Structure formats: C-alpha cells, structure tokens
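J.: Quick one: the structure is below, questions incoming.
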Amino acid sequence: AALNPWDVMLCVSGTAIACENALVVAIICYSPALRTPMFVLVGSLATADLLAGLGLILNFVFQYVIRSETVSLLTVGFLVASFAASVSSLLAITVDRYLSLYNALTYYSERTVLCVHTMLAGAWGVSLCLGLLPVLGWNCLHDRAACSVVRPLTKSNVTLLSASFFLIFLIMLHLYIEICKIVCRHAHQIALQQHFLTASHYVATKKGVSTLAIILGTFGASWLPFAIYCVVGDPGYPSVYTYATLLPATYNSMINPIIYAYRNQEIQRSMWVLFCGCFQAKVSFRSRSPSDV
C-alpha cells in the first residue's frame, strides 16, 4: 500500500519519543542517587512514554509489512495501555507533588514510598486492563457499525477511554489549583514574617505558578482535542481528522521528558556522568522535593 504521510509522521514522532525517553530511563537506572520516590514516578512516566513510542513504530511497521487483524489488535492494545500508563503516571506525579507540599513534615517517610508504589501498581494495572479490552473481544472487527474513529476500537471503548481522561484531567486541574493556593499561602506567610514580600520570593512564586500552568496547559492542549473528537466524531468522517487530533496527543509524550526530567539538575548531572565518565560532579546529589521537578 502507498505510504500515508500521516502514518509516516506518527512513526517519526514515535521514534523521537522512544529516543528521548530511553535516555531518561537509562539515566535513572544508571544513577543510584535517583532512586527516590520522586524519580521512581518520573521513571514510570518515561517508561510508559518509551513503550508508547515503540508502539507507534511497531504499528507503522505492521501496518505496511505484516497486515493482520490479530497484529492490529495487539498493537492497538499495546498503544492504549502505554498511553494510559503515561497519563496515569502524570496523575501520580501530580498527587505526589501535592502531598509533598500538603504533608511536608511527613513526606520523607516509609509511608510515602508505600503510597508511590501503590499508585504505580494501580496505574499500570488499570492501564494493562484497558489495553487488553480490545484484544479480549471489545473490538469492531466483526461489526463495522460499532467502529469508532479509531479502528478497531468500538465507540463504547473510546468513550470509556475519553471519560477516564476527562476525569484525570479534572483531578489534575483541582490538585494544581490546590498547589497554587499552598504556594501563594507560603509566600504570604513569609511576607508576614519579614513584614514584606521580597522580589526573590515574588519571582519564585510567579515562576512556580507559571510552571504549573505550562504543565497543565501542555497536557490539556495535547490530549483534549483527541479525547473530544473520540466522543463527538463519527467513523464516516475523513480519517485526516483522526490523524490531526492524534498527532498532537503523541507530542505530549515527546514534551514530558523536557518538563519532568531534563530540567532537573540531578538528571542533568547524571547525564554528564553517563556520557562522560571523566566528569566528576563537585556538588553531591541531594534529595529534592517533588515540587522542584
């Protein structure tokens, strides 16, 4: 079959996603200092995005090399599970950031480690179940009328996925609003203690709120168009609409390493160590709060 330019762009996007996140996973696995709960969550996000990138590559290969309904189901299920794990990991990171500020005194405890592992187990377990649904029979291979804008997923399947995304987005929005309130309250308390709000505190507060807005805005701008189109779209519409909303959604997995990993000083230092063994950091690693990531 002739190459579809949209499929080529998805494959290129998947390659970039896989390379970026493979580096993050390698850095976290390579550096013993990056074993705190905060970096475990970042590693989970990078792993999910890495699998999503590989899924996009495999989907392209199997679509033009091995044309099989069974393989199509497997690759679609793999992509659903990977992207679901990515979105769930973003939610887990948001919850961790909120807890690190709300329970700052008790955050560095065994309870936090247990909470992080529980969140990850639940996130990956639910994601795996969502990915298995089309493989176990919730597909439209034998009922074309039930197909959604994403074949071979059914309309009810993509509705469930979209509803899950909307719920996660609302939870993240609520938590980030609460985080902004906590940050502003801390700045106000500092101002009361020092009788005025210094320029550095104002800049830090403004930067923190702006960063949270960028994180949530990037997430929403990437996924909301595709989630909305899955609900309102019709399988009879031109496939270009599906591609045009799906491609920006994949960009979220491309941007995640930049937002959550490469901006972090510990990961930057570990990257230098990984690529240049002769480099010795003069400043030792220190455990940072998730709100700094």
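The count begins at 1 with the first shown residue.
Backbone N, Cα and C define each Cβ position, glycine as well.
In TrEMBL, annotation is done automatically, which means it is predicted and not curated.
Look at TrEMBL and you will find 6-31, 38-66, 72-93, 114-138, 158-177, 209-228, 240-262 tagged as transmembrane segment. As annotated by TrEMBL, domain 'G-protein coupled receptors family 1 profile' applies to 20-260.
Explain the structural surroundings of these features, please.
T.: For the transmembrane segment (158-177), the residues of the chain that approach it from at least six positions outside its boundaries are 80, 84, 87-88, 90-91, 94-95, 97-98, 130, 148-150, 212, 215-216, 219-220, 223-224, 227-228, 230-231, judged by C-beta separation under 8 angstroms.
Within the chain carrying the transmembrane segment (209-228), a Cβ under 8 angstroms from the stretch's Cβ atoms is held by residues 87, 90, 161-162, 165-166, 169, 172-173, 176, 179-180, 183-184, 245-246, 248-249, 251-252, 255, 259, all 6 or more beyond its ends.
Among residues of the same chain six or more beyond the transmembrane segment (240-262), those with a C-beta under 8 A of the stretch's C-beta atoms are 6, 9-10, 13-14, 16-17, 20-21, 23-24, 27, 42, 45-46, 48-49, 52-53, 56, 83, 86, 90, 93, 149-150, 214-215, 218-219, 221-223, 225-226, 229, 233, 268, 271, 293.
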J.: Below 8 angstroms Cβ to Cβ, which residues of this chain, lying six or more residues outside the transmembrane segment (114-138), approach it?
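T.: Residues 37, 40-41, 44, 48, 73-74, 76-82, 84-85, 88-89, 91-92, 95-96, 99, 152-154, 156-157, 160-161, 164 contact the transmembrane segment (114-138) from elsewhere in the chain.
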